[in-house]
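Right, one structure below, let's go through it.
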Amino acid sequence: QRRVYRTTTHVPQELGQIMDSETFEKSRLYQLDKSTFSFWSGLYSEVEGTMILLCGGIPFLWNLSGQISGRAGFGPEYEIVQSLVFLLLATLFSAVTGLPWSLYNTFVIEEKHGFNQQTLGFFFKDAVKKFIVTQCILLPVTSLLLYIIKIGGDYFFIYAWLFTLVVSLVLVTIYADYIAPLFDKFIPLPEGELKQQIETMAKSIDFPLTKVYVVEGSKRSSHSNAYFYGFFKNKRIVLFDTLLEDYSALNKEPAEGEDGENEQTKSKTKNKKQGCKNEEVLAVLGHELGHWKLGHTIKNIIISQMNSFLCFFLFAVLIGRKELFAAFGFYDTQPTLIGLMIIFQFIFSPYNEVLSFCLTVLSRRFEFQADAFAKELGKAKDLYSALIKLNKDNLGFPVSDWIFSMWHYSHPPLLERLQALKDAKQE
């Protein structure tokens, strides 16, 4: 794929009508930089993980956690407390070692190519907030899971699976209402033509829409997105302001007299027209609602939970094997959290790769089906132009090596999607 980025310096003939040479070159350089970053950050991650294993980093951190919890008055019999200290230290280590890479990605690569809208202060405040929120969720959930495994008896894997199912459903339900607003500003889409058109389209396919929000994504990045969430009769749609041509802060002049953070953020905006027109936004939403109407969301949840149940079942089979713990430096103890880490992270690694590939294949199939659904709504022409605009706004490179594409791309390449829409567009 890097060879494709390096050698494809001119717009291919089949792309001549949809991409100009300037945008093509910008996207090529952006993806080449991202590829280089991905290689070095991935190599570092592999070296770091290997050194941790070879140097006994996991048992060292477990023993350190025991010492810390012991000083707080919790002896070896309080395994769950020691596990939570271990988890806190491990996630803190991961956050610290990953910080330089995150800074480089945001303030060098994304900044260089015009996507970063964050100040350094905003970045660090966001990182600290994200770490705290993660711990507030991760530590209680982990402690309850470990407790269920401890008291669950022979069928603990069933109870553990049911618990994780409930937790995942709760998090999906509350994320956009209570967690996401901690990081981004959500405002109801103002009354007007776009809102009326969205409500009319939702009603036409019996989508139980209750609210439409616009999230201030331009404060963080100029990448764009849209999604829906909620269960049963309480669905909400969220549109990034960068998706909306009429609402994107990147299309407006910075207002005078605003607070310093907003002035710093908006000073980074580039003089370019970004986002989609209302008809194109509706076409993108037609695609997203197609995922709901065709049952893709439910199918993904079912697949995820079937996989989760299988993993917990195999965990129950393997957790008693002392040689697994000994291989990672645990000769005298078999902590449940360490068992979860060994089995889920290492033993299942080959299986997870195969599963990931199968889900990528399925995702591409779902994307074509959702495009076809938008086409049936009469949105083929607008979706066609929206895909081109979004590809341009996000500097997506439309040429890819077929093996790389097959393995990594959960969405079909741009040309394949456009070709599928082309006939209906011409009609």
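Quick reminder: no glycine exception, Cβ is built from N, Cα and C everywhere.
For GLU288, the entry in TrEMBL reads active site. As annotated by TrEMBL, active site, proton donor applies to ASP371. The Zn(2+) binding site annotation in TrEMBL covers HIS287, HIS291, GLU367. If you look up TrEMBL, you'll see 188-423 marked as domain 'Peptidase M48'. Under the heading region 'Disordered', TrEMBL lists 254-273. Residues or ranges marked as transmembrane segment in TrEMBL: 80-104, 131-149, 155-176, 309-331, 337-362.
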Statement: Near the transmembrane segment (337-362) in space but 6 or more residues beyond its ends, with Cβ under 8 Å, are 58, 62, 83, 86-87, 142, 146, 303, 307, 311, 314-315, 318-319, 324-325, 327-328, 330, 406-410
Message: Tell me which of the binding-site residues HIS287, HIS291 sits in the most Cβ-dense spot, judged by other Cβ atoms within 10 Å.
response: HIS287
Rounded Cα separation (Å) that holds between the residue listed as 'active site, proton donor' and HIS291 (Zn(2+) binding site): 9
- prompt: List, in sequence order, the same-chain residues at least six positions removed whose CB sits under 8 Å from that of the residue listed as 'active site'?
  reply: ALA226, TYR227, PHE228, ILE237, ALA370
- line: Near the transmembrane segment (309-331) in space but 6 or more residues beyond its ends, with Cβ under 8 Å, are 53, 56, 58-59, 62, 156-158, 160-161, 164, 338-340, 342-344, 347-348
- line: GLU367 (Zn(2+) binding site), Cβ-centred 10 Å count of other Cβ atoms over all protein chains shown, is 21
Same-chain residue ranges lying at least 6 outside the transmembrane segment (131-149) that approach it to Cβ under 8 Å: 79-80, 83-84, 87-88, 91-92, 95, 156, 159-160, 163-164, 167, 171, 179, 182, 336-337
- line: Taking all protein chains shown into account, the Cβ-based neighbour count within 10 Å for ASP371 (active site, proton donor) is 26
- request: Determine which residues of the same chain, besides HIS287, HIS291, GLU367, have their CB within 8 A of the center of the CB atoms at the recorded Zn(2+) site, and list them by sequence.
  value: GLU288, GLY290, HIS296, PHE366, GLN369, ALA370, ASP371, PHE373, ALA374
